[in-house]
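The domain 'Thioredoxin' annotation in TrEMBL covers 6-126. The region 'Disordered' annotation in TrEMBL covers 218-268. Marked as signal peptide by TrEMBL: 1-24. Here TrEMBL flags 171-200 as transmembrane segment.
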(Lines of atoms letter the chains of each structure in order from A and count residues from 1; the text may use other names and numbers.)
(Lines give C-alpha, C1' and ligand atoms only; values in the text may rest on other atoms or scores of the structure.)
Protein backbone atom coordinates (compact mmCIF):
# COMPACT_ATOMS: atom_id res chain seq x y z
CA UNK A 1 0.00 0.00 0.00
CA UNK A 2 1.14 3.52 -0.77
CA UNK A 3 1.90 5.89 2.10
CA UNK A 4 -0.66 8.55 2.92
CA UNK A 5 1.63 11.31 1.65
CA UNK A 6 1.96 9.66 -1.78
CA UNK A 7 -1.82 9.27 -2.07
CA UNK A 8 -2.36 12.92 -1.20
CA UNK A 9 0.25 13.94 -3.81
CA UNK A 10 -1.40 11.83 -6.51
CA UNK A 11 -4.81 13.30 -5.73
CA UNK A 12 -3.36 16.83 -5.79
CA UNK A 13 -1.82 16.22 -9.22
CA UNK A 14 -4.98 14.62 -10.60
CA UNK A 15 -7.42 17.31 -9.45
CA UNK A 16 -6.30 19.98 -12.00
CA UNK A 17 -6.60 17.44 -14.81
CA UNK A 18 -10.10 16.40 -13.74
CA UNK A 19 -11.15 20.05 -13.45
CA UNK A 20 -9.80 20.92 -16.88
CA UNK A 21 -11.46 17.89 -18.46
CA UNK A 22 -14.80 18.67 -16.83
CA UNK A 23 -14.66 22.32 -17.84
CA UNK A 24 -13.60 21.58 -21.42
CA UNK A 25 -10.23 23.29 -21.13
CA UNK A 26 -6.94 22.25 -22.69
CA UNK A 27 -4.87 20.29 -20.17
CA UNK A 28 -1.27 21.45 -19.80
CA UNK A 29 1.19 18.55 -19.78
CA UNK A 30 4.76 18.89 -18.55
CA UNK A 31 7.65 16.66 -17.53
CA UNK A 32 6.15 15.98 -14.09
CA UNK A 33 2.71 14.73 -15.15
CA UNK A 34 3.28 13.40 -18.68
CA UNK A 35 3.03 9.79 -17.48
CA UNK A 36 -0.70 10.32 -16.94
CA UNK A 37 -1.08 10.25 -20.71
CA UNK A 38 -0.20 6.54 -20.58
CA UNK A 39 -3.68 5.78 -19.19
CA UNK A 40 -6.97 6.62 -20.85
CA UNK A 41 -7.47 8.44 -24.14
CA UNK A 42 -5.55 11.60 -24.97
CA UNK A 43 -5.09 13.96 -27.88
CA UNK A 44 -1.84 15.86 -27.41
CA UNK A 45 -0.51 18.92 -29.21
CA UNK A 46 3.14 19.96 -29.22
CA UNK A 47 3.47 23.69 -29.76
CA UNK A 48 5.74 26.68 -29.17
CA UNK A 49 4.68 30.27 -28.39
CA UNK A 50 6.91 31.66 -31.13
CA UNK A 51 5.41 29.37 -33.82
CA UNK A 52 2.98 31.24 -36.16
CA UNK A 53 1.21 28.03 -37.20
CA UNK A 54 0.76 27.08 -33.55
CA UNK A 55 -0.82 30.44 -32.71
CA UNK A 56 -3.18 30.08 -35.66
CA UNK A 57 -4.14 26.55 -34.63
CA UNK A 58 -4.62 27.34 -30.92
CA UNK A 59 -8.23 28.51 -31.33
CA UNK A 60 -9.18 25.30 -33.12
CA UNK A 61 -7.54 23.25 -30.38
CA UNK A 62 -9.44 25.17 -27.70
CA UNK A 63 -12.74 24.61 -29.52
CA UNK A 64 -11.97 20.90 -29.76
CA UNK A 65 -11.45 20.74 -25.99
CA UNK A 66 -14.82 22.46 -25.47
CA UNK A 67 -16.69 19.97 -27.65
CA UNK A 68 -19.53 18.43 -25.65
CA UNK A 69 -19.71 14.66 -25.29
CA UNK A 70 -16.04 14.21 -26.15
CA UNK A 71 -14.49 11.53 -23.94
CA UNK A 72 -10.94 12.34 -24.96
CA UNK A 73 -8.56 14.46 -22.89
CA UNK A 74 -7.31 17.37 -25.00
CA UNK A 75 -3.81 18.35 -23.89
CA UNK A 76 -0.91 20.51 -25.02
CA UNK A 77 2.84 20.52 -24.37
CA UNK A 78 5.00 23.62 -24.68
CA UNK A 79 8.30 22.45 -26.19
CA UNK A 80 10.14 25.56 -24.98
CA UNK A 81 9.42 24.62 -21.36
CA UNK A 82 9.61 20.85 -21.85
CA UNK A 83 12.35 20.12 -24.39
CA UNK A 84 12.90 16.65 -22.92
CA UNK A 85 9.36 15.65 -23.92
CA UNK A 86 9.87 16.92 -27.45
CA UNK A 87 12.98 14.73 -27.70
CA UNK A 88 11.15 11.75 -26.20
CA UNK A 89 8.30 12.05 -28.73
CA UNK A 90 10.75 12.85 -31.58
CA UNK A 91 8.88 16.02 -32.54
CA UNK A 92 10.23 17.31 -35.86
CA UNK A 93 7.72 20.03 -36.72
CA UNK A 94 5.20 22.28 -35.00
CA UNK A 95 2.42 21.86 -34.28
CA UNK A 96 2.56 18.06 -33.94
CA UNK A 97 -0.44 16.01 -32.78
CA UNK A 98 -0.37 12.61 -31.08
CA UNK A 99 -3.30 10.39 -30.16
CA UNK A 100 -2.75 8.12 -27.17
CA UNK A 101 -5.01 5.41 -25.81
CA UNK A 102 -3.92 3.14 -22.95
CA UNK A 103 -0.24 3.68 -23.71
CA UNK A 104 -0.57 3.18 -27.50
CA UNK A 105 0.57 6.31 -29.34
CA UNK A 106 -0.25 7.31 -32.91
CA UNK A 107 0.95 10.28 -34.92
CA UNK A 108 -1.89 12.31 -36.39
CA UNK A 109 -1.15 13.57 -39.90
CA UNK A 110 -4.66 14.45 -41.11
CA UNK A 111 -6.48 17.70 -41.61
CA UNK A 112 -6.29 20.36 -38.91
CA UNK A 113 -9.82 21.76 -39.16
CA UNK A 114 -12.23 21.30 -36.27
CA UNK A 115 -14.69 19.00 -38.03
CA UNK A 116 -12.03 16.50 -39.11
CA UNK A 117 -10.50 16.44 -35.64
CA UNK A 118 -13.88 15.76 -34.05
CA UNK A 119 -14.63 13.01 -36.55
CA UNK A 120 -11.22 11.47 -35.94
CA UNK A 121 -12.08 11.06 -32.26
CA UNK A 122 -15.79 10.28 -32.31
CA UNK A 123 -15.61 7.75 -35.14
CA UNK A 124 -12.35 6.25 -33.80
CA UNK A 125 -10.54 6.74 -37.07
CA UNK A 126 -7.30 6.43 -35.15
CA UNK A 127 -7.75 2.66 -35.35
CA UNK A 128 -6.85 2.95 -39.05
CA UNK A 129 -3.53 4.60 -38.19
CA UNK A 130 -0.46 2.49 -37.51
CA UNK A 131 0.78 2.91 -33.92
CA UNK A 132 4.30 4.07 -33.22
CA UNK A 133 6.88 1.26 -33.21
CA UNK A 134 7.68 -0.21 -29.81
CA UNK A 135 11.13 1.39 -29.83
CA UNK A 136 9.54 4.87 -30.29
CA UNK A 137 6.67 4.44 -27.84
CA UNK A 138 7.07 6.95 -24.97
CA UNK A 139 5.46 4.54 -22.50
CA UNK A 140 8.12 1.85 -23.04
CA UNK A 141 10.77 1.26 -20.41
CA UNK A 142 13.74 2.30 -22.54
CA UNK A 143 12.03 5.53 -23.62
CA UNK A 144 11.31 6.38 -19.99
CA UNK A 145 15.00 5.90 -19.25
CA UNK A 146 15.82 8.04 -22.28
CA UNK A 147 13.55 10.75 -20.88
CA UNK A 148 15.35 10.62 -17.52
CA UNK A 149 18.72 11.00 -19.26
CA UNK A 150 17.38 13.98 -21.19
CA UNK A 151 16.15 15.52 -17.95
CA UNK A 152 19.60 15.00 -16.43
CA UNK A 153 21.21 16.69 -19.43
CA UNK A 154 18.83 19.63 -19.16
CA UNK A 155 19.59 19.92 -15.44
CA UNK A 156 23.32 20.11 -16.20
CA UNK A 157 22.60 22.79 -18.80
CA UNK A 158 20.62 24.82 -16.27
CA UNK A 159 23.42 24.50 -13.70
CA UNK A 160 25.97 25.68 -16.27
CA UNK A 161 23.81 28.67 -17.18
CA UNK A 162 23.25 29.47 -13.50
CA UNK A 163 27.00 29.50 -12.83
CA UNK A 164 27.61 31.76 -15.83
CA UNK A 165 24.87 34.15 -14.71
CA UNK A 166 26.50 34.41 -11.28
CA UNK A 167 29.87 35.49 -12.68
CA UNK A 168 31.72 32.18 -12.84
CA UNK A 169 34.03 31.80 -15.85
CA UNK A 170 33.28 29.09 -18.36
CA UNK A 171 36.29 26.95 -17.46
CA UNK A 172 35.38 26.99 -13.76
CA UNK A 173 31.81 25.98 -14.59
CA UNK A 174 33.14 23.01 -16.58
CA UNK A 175 35.46 22.06 -13.69
CA UNK A 176 32.61 22.20 -11.17
CA UNK A 177 30.24 20.19 -13.35
CA UNK A 178 32.95 17.66 -14.25
CA UNK A 179 33.99 17.18 -10.63
CA UNK A 180 30.38 16.75 -9.58
CA UNK A 181 29.82 14.19 -12.35
CA UNK A 182 32.88 12.18 -11.29
CA UNK A 183 31.88 12.25 -7.62
CA UNK A 184 28.33 11.22 -8.49
CA UNK A 185 29.64 8.36 -10.63
CA UNK A 186 31.90 7.13 -7.82
CA UNK A 187 29.03 7.32 -5.35
CA UNK A 188 26.66 5.41 -7.63
CA UNK A 189 29.34 2.81 -8.37
CA UNK A 190 29.97 2.26 -4.67
CA UNK A 191 26.25 1.92 -3.98
CA UNK A 192 25.86 -0.59 -6.82
CA UNK A 193 28.78 -2.69 -5.57
CA UNK A 194 27.32 -2.75 -2.05
CA UNK A 195 23.88 -3.70 -3.36
CA UNK A 196 25.29 -6.48 -5.52
CA UNK A 197 27.29 -7.85 -2.59
CA UNK A 198 24.19 -7.79 -0.38
CA UNK A 199 21.58 -9.15 -2.77
CA UNK A 200 23.68 -11.11 -5.30
CA UNK A 201 26.53 -12.71 -3.32
CA UNK A 202 29.22 -14.61 -5.26
CA UNK A 203 28.45 -18.26 -5.90
CA UNK A 204 30.55 -20.90 -4.11
CA UNK A 205 31.68 -22.30 -7.47
CA UNK A 206 33.13 -18.94 -8.47
CA UNK A 207 34.85 -18.57 -5.11
CA UNK A 208 36.37 -22.05 -5.41
CA UNK A 209 37.56 -21.26 -8.92
CA UNK A 210 39.38 -18.12 -7.79
CA UNK A 211 40.78 -19.82 -4.68
CA UNK A 212 42.10 -22.81 -6.66
CA UNK A 213 43.67 -20.48 -9.22
CA UNK A 214 45.47 -18.55 -6.49
CA UNK A 215 46.55 -21.83 -4.84
CA UNK A 216 48.07 -23.06 -8.12
CA UNK A 217 49.95 -19.79 -8.50
CA UNK A 218 51.37 -20.08 -4.98
CA UNK A 219 52.45 -23.69 -5.58
CA UNK A 220 54.13 -22.79 -8.86
CA UNK A 221 56.01 -19.94 -7.21
CA UNK A 222 57.10 -22.23 -4.36
CA UNK A 223 58.39 -24.93 -6.75
CA UNK A 224 60.33 -22.33 -8.70
CA UNK A 225 61.91 -21.01 -5.51
CA UNK A 226 62.87 -24.57 -4.42
CA UNK A 227 64.43 -25.31 -7.80
CA UNK A 228 66.54 -22.18 -7.62
CA UNK A 229 67.59 -22.96 -4.06
CA UNK A 230 68.54 -26.62 -4.72
CA UNK A 231 70.36 -26.07 -8.02
CA UNK A 232 74.26 -26.24 -7.76
CA UNK A 233 76.08 -22.95 -7.86
CA UNK A 234 77.52 -22.19 -11.23
CA UNK A 235 81.25 -21.61 -10.65
CA UNK A 236 83.08 -19.60 -13.28
CA UNK A 237 85.19 -21.60 -15.69
CA UNK A 238 88.74 -21.89 -14.51
CA UNK A 239 91.24 -20.35 -16.79
CA UNK A 240 94.53 -22.25 -17.04
CA UNK A 241 97.48 -19.99 -16.97
CA UNK A 242 100.58 -20.85 -18.93
CA UNK A 243 103.94 -20.61 -17.17
CA UNK A 244 105.71 -17.38 -17.77
CA UNK A 245 109.49 -17.03 -17.86
CA UNK A 246 111.53 -14.23 -16.42
CA UNK A 247 111.05 -11.94 -19.43
CA UNK A 248 107.29 -12.04 -18.97
CA UNK A 249 106.75 -14.12 -22.11
CA UNK A 250 104.88 -17.39 -22.15
CA UNK A 251 107.07 -20.41 -22.77
CA UNK A 252 104.95 -21.62 -25.68
CA UNK A 253 105.23 -18.22 -27.36
CA UNK A 254 108.99 -18.17 -26.86
CA UNK A 255 109.42 -21.68 -28.33
CA UNK A 256 107.31 -20.70 -31.34
CA UNK A 257 109.50 -17.67 -31.98
CA UNK A 258 112.63 -19.79 -31.79
CA UNK A 259 111.23 -22.22 -34.36
CA UNK A 260 110.52 -19.35 -36.72
CA UNK A 261 114.01 -17.92 -36.31
CA UNK A 262 115.74 -21.30 -36.86
CA UNK A 263 116.91 -21.57 -40.47
CA UNK A 264 115.58 -24.52 -42.40
CA UNK A 265 117.83 -27.26 -43.77
CA UNK A 266 117.27 -26.09 -47.32
CA UNK A 267 118.79 -22.69 -46.56
CA UNK A 268 121.92 -24.29 -45.26
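Backbone N, Cα and C atoms are what each Cβ position is placed from, and that goes for glycine too.
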Residue counts (helix, strand, coil, in that order) that DSSP gives for the domain 'Thioredoxin' (6-126): 54 helix, 26 strand, 41 coil
Model confidence over the domain 'Thioredoxin' (6-126), averaged pLDDT: 84
